[in-house]
């Protein structure tokens, strides 16, 4: 009977080096060889399969089961969440709500340091949690460029700002996916809590770094109240969410609350010296009524409400064994490696993707004539085509190391 081991070569360092080959290859394929993500993933999968047979002596049925597990996880829940999140974002654009959102952010302050905090840090983190996959950089970069920032500088600042939110990605996928691996004694909630040992320090420092880059220590001094509010609200809220709720809302509630807090501060306080990178370039922004702004943000209020419910212990308890909705969880055992079983599970209702789907349907209903069903269906086709196929190969190599290195 196959017995997984951490050290098949008799030298833990050599075994670790061999086990790291797929990860290094994947990174080199993307960065040095400039391969497409799907091609890099497939190449990595082939190399991982070869290494799984030698020196790890993984049985063929276990290797095949691991690949199948990765493909299924790539489509559900990862692909499901991605498609639904991008669909919601596209609906906000199609309905005209996104233009109002952008305008509402730009009109809060004429100071570009405050605009940078609002758009690159707060709104960028929110888009990372709501859509992810490059959307925050693209959208926020364009918004900053429209407000007078150099386009290249705007993109760089958005990338730096993303350091505070990138760990959790769209609806917490990088952490939430751990639950689908069925690792003994390790849950997504455990990892979510563990992030509080490092990420708060990064999140708290990023706003200060952004202002320092464009205006030095003088800028930090002049915008200190805004920095303390933004950094403090975001960091404390993210710590609370990741510890008590889970990873799904780690990039939804903290940036939303920090954005609201900074906007509220800006109604009572503005920097003494208004800073603009190009003083002669003063961007005129459209003004929107309070009711229009509230309506424009409604898709994301709805999204937050559904994801909060899906993250609550009482809701998760409905899907445990012998619970009323346990029949909606479909599970299959594909193979066994020692005492470990390689299983595939499909949570039809308790998947976060379903929460986003309900948010999408609610958004369509409340949008009225500005967004019809036909337009909504059309907007679904592109994300389904772009994200539905690449996700399985990209995830297919992930379960193999777990199968190789799981102790008996």
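Using N, Cα and C of the backbone, Cβ positions are placed for all residues, glycine too.
Positions annotated as transmembrane segment by TrEMBL: 12-33 (among others).
Residues or ranges marked as transmembrane segment by TrEMBL: 40-58 (among others).
According to TrEMBL, the feature transmembrane segment maps to 70-89 (among others).
Per TrEMBL, the feature transmembrane segment maps to 159-178 (among others).
The transmembrane segment annotation in TrEMBL covers 198-214 (among others). Nonlocal intrachain contacts for the transmembrane segment (198-214), taken as residues 6+ away from its ends with a CB within less than 8 angstroms of a stretch CB, comprise 112-113, 116-117, 120-121, 153, 157, 160-161, 163-165, 167, 220, 223, 227, 230-232, 234-235, 238-239, 242, 275, 277.
Listed by sequence, the residues of this chain that lie at least six past the ends of the transmembrane segment (252-269) yet keep a Cβ under 8 A from its Cβ atoms are 105, 108-109, 114, 117-118, 121-126, 129-130, 165, 171, 225-226, 229-230, 233-235, 237-238, 241, 300, 303-304, 307. What TrEMBL lists as transmembrane segment is 252-269 (among others).
Taken from TrEMBL, the feature transmembrane segment applies to 290-312 (among others).
The transmembrane segment annotation in TrEMBL covers 342-366 (among others). Beyond its flanks by at least six residues, the transmembrane segment (342-366) meets 62, 65-66, 68-69, 72-73, 76-77, 80-81, 83-85, 87-88, 91-92, 95, 171-172, 176, 180, 182, 248, 298-299, 302-303, 305-307, 309-310, 315-316, 318-319, 325, 328-336, 373, 376, 399, 403 of its own chain at Cβ-Cβ distances under 8 Å.
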